[in-house]
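*Asks:* Before I ask anything, here is the structure I am working with.
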């Protein structure tokens, strides 16, 4: 039986979330309510899917900053294709197209990283601007508010609806089910398949992974295609639920997403990371982005808060590791 | 000839010349016009100095993603001082004082990064990602997110003035590049930096005080960022928390393009200078040809990947 480790990131982040909620409830008793919770869940859908994708890459020892550009590209291009070619197709087709486009773009990252062995940060910084530049140069720069009917149908699918005491409505779209399903799928891949164990193994030590017979190239190809596919899906969900396809959306979010994942305990050096931690990290980032004002911190301090949380969340384990190393030496 | 092509800097010099000649050939009367040449000389130093900072951090195998945040924070502090304390009729002495303040802010920002990386042992990407958000966040909190205006006219000289017809930003960049080139290739500090980048463990076993080297190095990055921030402020005649947000990618791109090994241990300042020049020629030339900003972003990204590919394939063939 492993002893319970209080300094694990998951525990720390959970503690911060609880503290945040207690403070918020003290200053505004209305904070602890179903509408607030549903609001946070709705705001966490796209961020959550992207974070799951980013986590898989971090676990494998890489880093991907291009996934927001992939999401924007897949989302906008799919909308344009549907609008111009077949505006009446149902939403699952739109989702499939976006996922396929995302996977194709992810494969480009995969080839550069897995086949040519280029550093992941540099490759994805490059493809970030290539995908975005291509989208804005050749596909379009005008936002589309008149979405194809399939995407509009999807935006009306609600899991939960309710009315606040002041008469306004709150609702949780079915898109949330996608987040849940993708978390389960990713959990299954990471923890119940050889592929998932290979991803952890590569992140832990690529050379050892190779020597025990893991095909590093194939595994890396899978990772970047999977991340691209998830990003494409996140993109189309974003456009469908926001009821607008804006090619300038999403890009710029990548560092917040990576911040959420890192807060949840995934290590940049690879091999370490859990879905629980990632989702807690997402919850914390969403709380800070939406409700900082409730605990009396002006929203202009949002960046400082997220930055400080990242340093705290990565600093503590790093410092502990360093101390342990010094003690061992 | 083949010796030139075998070194990264040699290939880069060739690329720079090819880009220049190509752009000059495509629109000779405009690309080679004195106006275009001067405007290029005013444009590139701000992001070129940021690229120097990123390159220096990369030499150690680290990276500094906080350069733009540190630059804006320094500029905002200097601008708030000039706008609120000095006033619009302040003289050169006050501007110099503001410049020193900016440098101090950059120094503190850099020391903060250095402590995070060297003392607390955070990975440089995360340390500077977090600190960059904090620097930007402080700049937002201080200004409420709007631009600081009302700077004294003397402050415009650093960004827009000339010394003997040479733009001041270019002079500043040339001096900094020369000084850094000397520091990195001719001093024990430079040698230690590259040694640490090549093999941190070996550097420590060689009795090198790696912590001190790293802290000094990140402090240097912070101060370089402050200089860049001051130039941006002077050129824009205002300071804002989110100026130059696209410069981060550009700075990393230039450092890598300049042959600095992102894993550390190898890189020369002359390479960074050549990369800056080729990027600026390409960017201005494309601009004159009517290519949009978005297409330019795409070309930059493609160029970054192409250069990485060529460098990797060239290395594979020789080994």
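Every residue gets a Cβ built from N, Cα and C, even glycine.
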*Asks:* Kindly point out the range from A:93-118, A:249-274 that TrEMBL annotates with transmembrane segment.
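*Replies:* In TrEMBL, the transmembrane segment feature sits at A:93-118.
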*Asks:* Of the listed stretches (A:93-118, A:130-149, A:221-244), which one yields the highest count of Cβ-Cβ distances below 8 Å with the transmembrane segment (A:44-73)?
*Replies:* A:221-244
*Asks:* Top stretch among A:12-32, A:93-118, A:130-149, A:221-244 for CB pairs under 8 A with the transmembrane segment (A:301-319)?
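*Replies:* Out of the listed stretches, A:12-32 contacts the transmembrane segment (A:301-319) most.
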*Asks:* What residues elsewhere in the chain lie close to the transmembrane segment (A:12-32), defined as a C-beta under 8 angstroms and at least 6 residues from its ends?
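*Replies:* 263-265, 277, 280-281, 283-284, 287-288, 291, 294-296, 309, 312-313, 316.
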*Asks:* Which of A:93-118, A:169-190, A:221-244 shares the most C-beta pairs under 8 angstroms with the transmembrane segment (A:130-149)?
*Replies:* A:221-244
